[in-house]
Amino acid sequence: MPWFQLFLCAVLHAPVLSQTDATYQLTPGIPETVPIPTTGVVNFEATDVSATSRFLVMQVHAQHASLILRDTSSASGDSITGNSMGMVRKVNGSADGARWSVAVSAGAAENVTTMVTLQEYGANAPVPGGCNQVFALEVDPNIRLTTADHRSQVWFQWASEGGRPASCEDAALTSRLNYDVYVKYVSSNDDSVEGLLGVVQDMMTADKIQSQAQKILSVKNDGTQKSLTTVTSQRAQGAVYGVVVTDDKRGLTAAYVPAITYGCNYTAGECSLEYGATEWVMIVASGVVGLFLLILGHAFLKTELALFGFISTTLVSFILLTMAGTVADGACLAIAAAIGLVGAGLWLFVWWMFSFPSVSVLLPGLCAGFLVSGVLFFTPFANISWWASDVNYGLVFACIALFFAVLLLFSPRTLNIVSCSLVGGYCVVMVAGILLRSSLRMIVLNVVHHASVAGYATVLVITPFQAQDIILGCAWALLLVLGICWQFYRSKGEPHFPNQRQQRSHPVGNRPHVRDGTIPPLPVVDERSPLLGNQTPPPLYQEAVRNNGQRQRPSEMNPPM
């Protein structure tokens, strides 16, 4: 009986052993989707390698799980840990003995879906990471990503020239290698593993990267530039970064192992996009306020001025509270909104005291100018090297906002209507933008980050511009035009601004015909009617002459003494 029990135990455990110690054959250029079990190891062997190949790049990618990649064919047994990584293996036309193993590091509750691929390169192709001096591996083709404070730092090691031993000190050789950094974004509403791995597959070879990704930077190893750059990042927005190195002399290219980031720490629970009660109240209120400004902003001037006082004060307060860094974002928003109520009352008091349109509409104009400047610095214009200084950025940003307000200040009515339509349309569009996770919400957040995050001026402004962004951008432009036309039409024939001083000196309720509800008839006038009403008319000229101009009679004169 003992032999039967041993046989039964072996049969029952055979599938488990084959699953945890499975071996896959990797053909260069053909990516494979492989599940990695939480326990055990999955082995990979290279096959069908070309006789002209001189080195291989094996890479494995997962969405969030941490994996361990180990070179099992070398005596050193080099290993690396991460969710997106690779290794370089030198070969001489034969891949005999080229083997790797992949295992789950920790924290995975179920099998991890990965994409594994093998790329081969010839003798003269540049070797990614061949001049590594910092990273873990001797030849490290990986891109190191560090995400913090709404930005991601992209760092890679210089490549070495192919076809000879690595010569990283020869300037003539290293300067002819060009490095282009690319990025491709995952769809904003797609958090699936399949969606991410589909983007990763497009970033594995130099040809695909150059044709399908967005180039953000070009550098050279000439002693004056660095293989490190910082770009903007959005929470829970998947992005895949890649680097292509090109040998200008030989025209050969090679691709680094792409790197994945979501702009947050998934394992720490930082990638949640759930909004609290305060955020939802502000989102709904933003839509209502935007609709009011878009349709009735100029007609209800006092309400509009109070709203712009609230918006501007809330924004400035939120930036200052964020700079302090001691309060959570939700609490900062609530405190800033409370301070904004004070700002609304103060700006309404300014109108009540002075009633000067050019002064009162200046704040709405500055708010609209702030938005115009934010849009401009949301484009590639923001990546000009001149704006890498906080002082330069702040001065230019303020000048653009002031220029917009002053440009239309010759007509306060025009400035007010355009400002209401521009800001109101953005508020309405942003309600849909937040729900659809559009990048347009970053127009304002980008400015907030520049003001509150130290060193943010050196960050490259790179954001996805996808289908929902195009639709919402067109909707904003349409709302702007419709809002301007409607408010001009609605105010046609009416005074541009109410006379607040006259209303204060002669309140409507104190007029007699208003108190009793009657309207006095208009008096009948002719050429003899007096210019001053309710006055005794002067006597006729002839009667005045007859009564006052006659000489007194002699009989009526007093007798002489």
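Including glycine, each Cβ sits where the backbone N, Cα and C put it.
Database features, via TrEMBL:
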DOMAIN    287-488  domain 'TM7S3/TM198-like'
REGION    496-561  region 'Disordered'
SIGNAL    1-18  signal peptide
TRANSMEM  280-300  transmembrane segment
TRANSMEM  307-327  transmembrane segment
TRANSMEM  333-354  transmembrane segment
TRANSMEM  361-379  transmembrane segment
TRANSMEM  391-410  transmembrane segment
TRANSMEM  417-436  transmembrane segment
TRANSMEM  442-463  transmembrane segment
TRANSMEM  470-489  transmembrane segment
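The average pLDDT computed for the domain 'TM7S3/TM198-like' (287-488) is 92. For the transmembrane segment (280-300), the partner stretch with the highest count of Cβ pairs under 8 angstroms, out of 391-410, 417-436, 442-463, 470-489, is 417-436. With respect to Cβ pairs under 8 Å, the transmembrane segment (442-463) is most closely packed against 391-410, considering the stretches 391-410, 417-436, 470-489.
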